[in-house]
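Scroll down for the structure; my scribbles are underneath it.
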Amino acid sequence: MSETTTVPPIETVSEPNPFIVFATVATIISAFIGYYFLQQSKKHTPVLKPDEFQKFPLIEKIRVSHNSAIYRFGLPKSTDRLGLPIGQHISIGATIDGKEVVRSYTPISTDDQLGHFDLLIKTYENGNISRHVAGKNVGEHIEIRGPKGFFTYTPNMVKSFGMIAGGTGIAPMYQIITAILKNPEDKTKIHLVYANVTESDILLKEELDNFAARHPDRLKIHYVLNEAPANWQGSVGFVTPEIIDTHLPKASNDTNLLLCGPPPMVSAMKKAAVELGFQKAKPVSKLGDQVFVF
């Protein structure tokens, strides 16, 4: 009798489905990316609280004129951001002579600045908060809450901005200008008329002129002085309808006019704007108004 040989079964190994492998890898990568950006967003935590004053330390004071300075305040962590939309402002509060005093200021820094924020403040003889801040030494704190305001800038929201600023009224304009010019996808044109008493009163002039030199097709600046030196290239006196008509864009549906400065100046500019075809400014400006007063 012959012997029969049993052949053991051969195990077959199936090839992995490439589509399943790809889907698995893609899922893992997507999960990792999502986790990464979640952690990054947590790192850059906005710290402002609209209904609660918080203390922030003064970390640097940069003198920019005889009565104005940039005050840099630290955030809790170097990866924190203030949490202030472009065009809005904060409130500084203090107890002065037994009374609670609150004033609004717009930082000149933008919200992508991490670890600190900058305020440009002019010290007035009768300005309670401005003197309060000016009297602070590095390491001392001020109390701030926010954000506040009805204007929030988004890229390309209009074709062009006409801006009229007086003195420290340059602060919200500077913040908006910075946000526009640092974004290569933002095609907004900016025309700024900036008024001051003397040439030494022009705040952030070097920074503004550098912006204009680097972006001549996007930013135009015209300076106006009450007291001008010899060979002054700008206008002399007050901002007039003629100056506005010459140096700012014409009224149109895709042009907004932004105003910020001393109350008498702003009042005169609102009247001039109407003469030039802009809509009458409302008592309280809101986003979407053709003429917005900060």
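The backbone N, Cα and C atoms fix where each Cβ goes, glycine too.
Note that the structure is predicted; figures quoted are calculated from it, not measured.
According to Swiss-Prot, the feature transmembrane segment maps to 18-38. Taken from Swiss-Prot, the feature domain 'FAD-binding FR-type' applies to 51-154. For 134-149, 160-192, the entry in Swiss-Prot reads FAD binding site.
This view paints the features noted in Swiss-Prot onto the structure.
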residue: Ala134; record: FAD binding site; CB count, 10 Å: 17
residue: His141; record: FAD binding site; CB count, 10 Å: 13
residue: Lys148; record: FAD binding site; CB count, 10 Å: 14
residue: Ala165; record: FAD binding site; CB count, 10 Å: 26
residue: Pro172; record: FAD binding site; CB count, 10 Å: 27
residue: Ala179; record: FAD binding site; CB count, 10 Å: 20
residue: Asp186; record: FAD binding site; CB count, 10 Å: 15
Arithmetic mean of per-residue pLDDT over the domain 'FAD-binding FR-type' (51-154): 96
Going by DSSP, is Asp186 (FAD binding site) part of a helix, a strand, or coil? coil
